[in-house]
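S.K.: In case it helps, TrEMBL gives these features for our protein:
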- 53, 146, 276, 309, 393: substrate binding site (BINDING)
- 113, 114, 247, 310, 311: pyridoxal 5'-phosphate binding site (BINDING)
- 276: N6-(pyridoxal phosphate)lysine (MOD_RES)
Ligand SMILES: *Cc1c(COP(=O)(O)O)cnc(C)c1O
């Protein structure tokens, strides 16, 4: 079937993310991908500045990941995880426990990031109930966050971006504090610390947990904050008998310059969610890690099991490719790459500060963001960036990149010049 026929069927039947049916801007038809390049049906090649929603950190068709997948599929693609186990899952869980702070000991494998947040919340509520604190069942978060699209994660997404008004009466009403002051390097604001302290103290009796994205708020607005606020949250949650959940689905595996963003603060949460780059962008998989205290609490409670078990839990193909991806990260070369990318993004995006429509230019690790003073016209921006040979997916007032770690300086120059062009056209 030719490209036009496929796109007509796509428009007729295929629902795309965050889109009406049919979509307003027709999607590009991709026929292949290799390294950092997407190959389109019309013969064009685009340098991918998105890592396929921040997941494909090693690029596409990486020989090590391809081989891991092929080897595993020759053994078994899937078996149920109830009553059965296998080496790929055991290795993955053990590696995650080794990589993350010491007190995180137990791993629940999930099929997507949103599900890992559901599991994290279920763990927290069930733990509180097990110890006779069933009244502690609300969550506190700061505004500007994003934790996924199923209903529980939606309830802790930014109330405006998450359209809470549309879902009043449907979503559980969580406790929101203002977004953390912007700037990774900006000195911590004592009055914001007071705001956090007052809110946690006031709601302590009803709070099961505080949940936040550490250091970088991703899909809620691509904002960075000082790690000190995470240390403050750790102290306050301990003081008030509240659990602390870090959602590192976007920030995990090196994206911010540390293996996990929590390491910028030296803070260990009670529960940690990882996903996105976990499988190097090959397959859908996420994980929820927790402390022995939480696992023991649940396992000795009134319902002494964690009542969760996705059909494709612990999928061996996803585990095998995750193990291969973590293997590629193990030599620490990613750290050098992320530093190199950070420098290239800083240099490449600096001229944007002089563009009239640009309100802010910010870079942290392998994340580069141009924030405009008005919403981006998606159709125009897509036209401009693809004409410059790049693939980017701006949203709201943001033109940003989270490139694969294997991007060369020349690839990054394509991405940053496309970003500058899109901002100039806006
Ligand atoms: C993407 C994302 C999620 C949701 O993950 P899915 O795999 O899309 O369900 C949750 N939290 C954060 C921080 C994310 O970036």
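Note: Cβ is positioned from N, Cα and C throughout, glycine not excepted.
Automatic prediction, not curation, is the source of TrEMBL annotations.
For the listed features, I'd like the structural context: burial, neighbours, distances.
M.R.: Here residue 276 (substrate binding site) comes close to 53, 54, 55, 113, 249, 250, 252, 253, 286: these same-chain residues lie at least six apart in sequence, with C-beta atoms under 8 angstroms from its C-beta.
Residue 310 (pyridoxal 5'-phosphate binding site) falls within neither a helix nor a strand when secondary structure is assigned with DSSP, and so counts as coil.
In the three-state DSSP assignment, the secondary structure recorded for residue 276 (substrate binding site) is helix.
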S.K.: Under 8 Å Cβ to Cβ from residue 309 (substrate binding site), same chain, six or more residues apart: give me those in sequence order, or none if nothing qualifies.
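M.R.: In sequence order, the residues whose Cβ lies under 8 Å from that of residue 309 (substrate binding site) (at least 6 apart) are 81, 82.
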S.K.: Counting across all protein chains present, how many other Cβ atoms fall within 10 Å of the Cβ of residue 114 (pyridoxal 5'-phosphate binding site)?
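M.R.: 21, counting other Cβ atoms within 10 Å of residue 114 (pyridoxal 5'-phosphate binding site).
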S.K.: Given 53, 309, 310, 311, 393 as the binding-site residues, which ones have a Cβ positioned under 6 Å from some atom of ligand 1?
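M.R.: Once distances to ligand 1 are taken from each Cβ, none falls under 6 Å.
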S.K.: Compile a sequence-ordered list of residues in the same chain as residue 311 (pyridoxal 5'-phosphate binding site), six or more apart from it, whose Cβ lies below 8 A from its Cβ; state 'none' when nothing qualifies.
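M.R.: Listed in sequence order: 80.
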S.K.: Report, in whole Å, the straight Cα-to-Cα distance of residue 114 (pyridoxal 5'-phosphate binding site) from residue 146 (substrate binding site).
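M.R.: With the alpha carbons as reference points, the distance is 10 Å.
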S.K.: Round to a whole number and give the Cα-to-Cα distance in Å for the pair residue 114 (pyridoxal 5'-phosphate binding site) and residue 393 (substrate binding site).
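M.R.: If we compare the Cα positions of residue 114 (pyridoxal 5'-phosphate binding site) and residue 393 (substrate binding site), the gap is 21 Å.
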